[in-house]
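If you look up TrEMBL, you'll see 95-129, 169-203, 231-266, 302-332, 333-367 marked as repeat 'PPR'.
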Amino acid sequence: MIINAKIPKFKSLVPLKETETNYLLWPPKFSSLPSFLQHYINSDTPIYGQKIHSYILKTGYKPNTNICIKLLILHLKSSCLLYARQMFDEMPQPTLSAYNYMISGYVKHGLVLEAFDIVRKLCVCGEMPDGFTLSMILKGSTSVNAELYSRYIGKQVHSRIFKCVVEGDDVLYTALVDSYVKSGRVDYARRVFDLMLERNVVCSTSLITGYMNQGCIEEAEDVFSKTMEKDVVVFNAMIEGYSKQVENAKKAIEVYIDMQRLGFRLNISTFASIIGACSSLAAFEIGQQVHGQLMKTELIEHVKIASALIDMYSKCGRVEDARRIFNHMPEKNVFSWTSMIDGYGKNGYPNEALELFSTMRIDHLIVPNYVTFLSALSACAHSGLVAKGREIFESMERDYSMKPRMEHYACMVDLLGRSGSLNQALEFVINMPESPDSDVWAALLSSCRLHGDVELTNLAANELFKLSSGSRPGAYVALSNALADAGRWDGVSELREIMKTRGVSKGTGFSWVGSDGILKAFFAGQQT
């Protein structure tokens, strides 16, 4: 199906500029049409060349294949996909080149399903796709518009290459690796990577990102070490991957230092990732040093960097520093407002968080996103503002047509439960439009334990066990403590036997201790 975008008709096209009309005499001779078209294809304003197509239609001239393909390219470069498709459909026998241009145009503009439709036509007519065709198919399969196709297109293309129908090259193999990674099949991506004679940095970066997203740190490090010619992007992939897990965040700082020693020029992605690592570690001193480096560059004014610094300072407990950056931002978006609201809420300043939330919506007319609402609801929970929390929760769907997600419901249960309204919290859970998940029941369980309601604690815990019997050891501990507080030791013993049977063990206690500007975890019984 072709999307009917608003495209000007030929008769209402913008007239040629004077500089354009001087290129060749008008009207052109039919023998000069290829030169005319090529001129506009190569120009910065290819849309002016559409007048040539209008001229061809008026004269009744039947263009040959070469001119048809040039017209097709002209319309694609002008982003007039409807005209391009009409030109393609009118060709008596489209060549492989015409198919490739049409597929590439659709993929470039995000119309992946239309591109796949062209591929099917290509196969039906007996034409054999080449490496470029398959590369475009793979590129399309990684698009968010690919829907279910992304799951199996990589395998189909790989199969065709394996059968030697198409000779593979670095471009095609790189696209195949990227396709496998983005469809979650990093194991297949690695097989292709290992078979490549020349492993380029683009391919390595894609594979590293895939491994990092799945938490396969050692495999990512192996690929990184085997990448001979490294660039900034592959270093950034390592830093970003390390920064996602607090236990590996220190390695992100080490890679960051190596980059500078090797003379790489740090870019916005580098700084954003290393600030994220400092946030995970609550490494205030290192974050300050990074901030100092940024002060010497123009990146300090970028909204992405400023938002990351606000988040970092907030997580380090330096709310005043975060607000200072926020106040001096030349441009603010919903992410920067959310970071500051969340920072206030998590550092014990709920009133400031809610005041900023109101200012954002009323004075600056910025539409909050799902995370903004979550931060505001959390601030209400920490300050016991039940009525305000309800009003914010209800405004999501009423004022912004945003259907609350499960985490918003969990936050509301936490808000009601913390205030001691346990029956209201239970009623809220029962009346949810969707089945509550484990986070919702965990929020209720925590509140029941806090207020010593053994019966409701038991109810919430049992519901939680049904959803995740072995992945929530804290639920067993909370129920055990509630029973112990009530003096029901038989219930405590019975629960501990159930934990042994199900293989559930209480996590080892540990404390965070600052060392060399970085937080380190020391576990119970650990020798220093």
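The backbone N, Cα and C atoms fix where each Cβ goes, glycine too.
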Close approaches to the repeat 'PPR' (231-266) from elsewhere in its chain (Cβ under 8 angstroms; 6 or more beyond its ends): 201-202, 204-205, 208-209, 211-213, 215, 217, 220-221, 224, 273-274, 276-278, 280-281, 283, 286, 293, 518, 521
Intrachain residues whose Cβ lies under 8 Å of the repeat 'PPR' (302-332), provided they are six or more past its termini: 268, 271-272, 275-276, 278-279, 282-284, 287, 291, 294, 339-340, 342-344, 346-347, 349, 364, 366
Model confidence over the repeat 'PPR' (333-367) (mean pLDDT, whole number): 94
Helix, strand and coil totals (DSSP H, G, I; E, B; other) for the repeat 'PPR' (169-203): 26 helix, 0 strand, 9 coil
